[in-house]
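A.B. asks: Below is one structure. I have some questions about it.
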Amino acid sequence: MLISSRIVRSSLVNVPLRLSRCFTQAHRACKEEEVNSPLSSAAEQPEQKYTHFGSKTVLKSTKQKLVGDVFSSVANRYDLMNDVMSLGIHRLWKDHFINKLDAGKRPNSTTPLNFIDVAGGSGDIAFGLLDHAESKFGDTESTMDIVDINPDMLKEGEKRAMEQGKYFKDPRVRFLVSNGEKLEEIDSDSKDIYTVSFGIRNFTDIQKGLNTAYRVLKPGGIFYCLEFSKIENPLMDFAYQQWAKVLPVMGSMIANDYDSYQYLVESIERFPDQETFKSMIEKAGFKSAGYESLTFGICAIHWGIKV
């Protein structure tokens, strides 16, 4: 069974792309004293400065480099890594992701779409979206920004484009090194479709990344995310946990890289469950947020609409 839907939301693509009561004075004074105390400041400090890197706690300022090192290490074996981690099913998930979004300039439209694929250095999702738009709608005008913080991953995407002979040096396609939490090079209200596939869990600040996605999308634009998630079936979850214990060992055997695979397993474990991530999408300002769990919840498609 490939797909197990928790939420069924028909015709996603038909959605137009277009404190509390006061405390007493004494209680307030007490609270102010607590907030201003050194103990209170010390307690808040770790939350401000630290984040997780897999199962480890690290300074926020260092996580970007640590994650970058992981993906530089696996860049030239990225497809192999995904095959190992998902037993090859990631290819079916990605196909479903692209088909469900069903994006492209319709024949009766005069306005091409502006896509942005974040953490998309390998190019597989971006090129798949453009292929779908052309094959189904005859769309050869929509544009694609392929964004990744890691130059090594973008090189793999450019290599893929050159090997396929289709999108290499295509004026519609731009490869851009940029931090997905900021996207400083991308104008606000400029994109119709924002996609991110198996990448957002590696952000230092996921909520900040979601807020930025909302910023760069036009009103009516769609946020669309494919990410590992939380398994809903207890037996399937047990089987997956056993598999996860073996993955770093396989990474060592296949790619001579135990540590990177160990981090990737731990990053999946730390990512929010489906409902929590849906709430984060809504917190960023998106409406009509929803999700579809795939393969018992091993991964999920999440979406939201900017209104």
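Keep in mind that glycine also has a Cβ here, set from the backbone N, Cα and C atoms.
Found this in Swiss-Prot, in case it helps:
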- 1-19: transit peptide (TRANSIT)
- Ser122, Asp148, Asn179, Gly180, Ser197: S-adenosyl-L-methionine binding site (BINDING)
A.B. asks: Using only the residues recorded as binding S-adenosyl-L-methionine (Ser122, Asp148, Asn179, Gly180, Ser197), report the maximum Cα-Cα distance in Å, whole number please.
C.D. replies: 16
A.B. asks: What are the sequence-distant neighbours of Ser197 (S-adenosyl-L-methionine binding site), meaning same chain, six or more residues apart, C-beta distance under 8 angstroms?
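C.D. replies: When sequence neighbours closer than 6 are ignored, Ser197 (S-adenosyl-L-methionine binding site) has Lys94, Phe97, Asp117, Ala119, Gly120, Ile125, Cys225, Leu226, Glu227 within Cβ distance under 8 Å.
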A.B. asks: Helix, strand or coil: which one is Ser197 (S-adenosyl-L-methionine binding site) in, per DSSP?
C.D. replies: strand
A.B. asks: Return one of helix, strand or coil for Gly180 (S-adenosyl-L-methionine binding site), based on DSSP.
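C.D. replies: Assignment for Gly180 (S-adenosyl-L-methionine binding site) reads coil.
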A.B. asks: Here the binding-site residues are Ser122, Asn179; which one has the lowest number of other Cβ atoms no more than 10 Å from its Cβ?
C.D. replies: Asn179
A.B. asks: I want to verify one value. Collapsing DSSP to three states, which class is Asp148 (S-adenosyl-L-methionine binding site)?
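C.D. replies: Where Asp148 (S-adenosyl-L-methionine binding site) sits, the three-state DSSP reduction gives strand.
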A.B. asks: Enumerate same-chain residues with a sequence separation of six or more from Asp148 (S-adenosyl-L-methionine binding site) and a Cβ-Cβ distance below 8 A; give 'none' if the list is empty.
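C.D. replies: Residues satisfying the criterion: Val118, Ala119, Gly120, Gly121, Leu154, Gly157, Leu176, Val177, Ser178.
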A.B. asks: Which ones in the same chain are close to Gly180 (S-adenosyl-L-methionine binding site), with CB under 8 Å and 6+ residues apart in sequence?
C.D. replies: Val118, Ala119, Val147, Ile149, Val196, Gly199, Ile200, Phe203, Gly209, Thr212
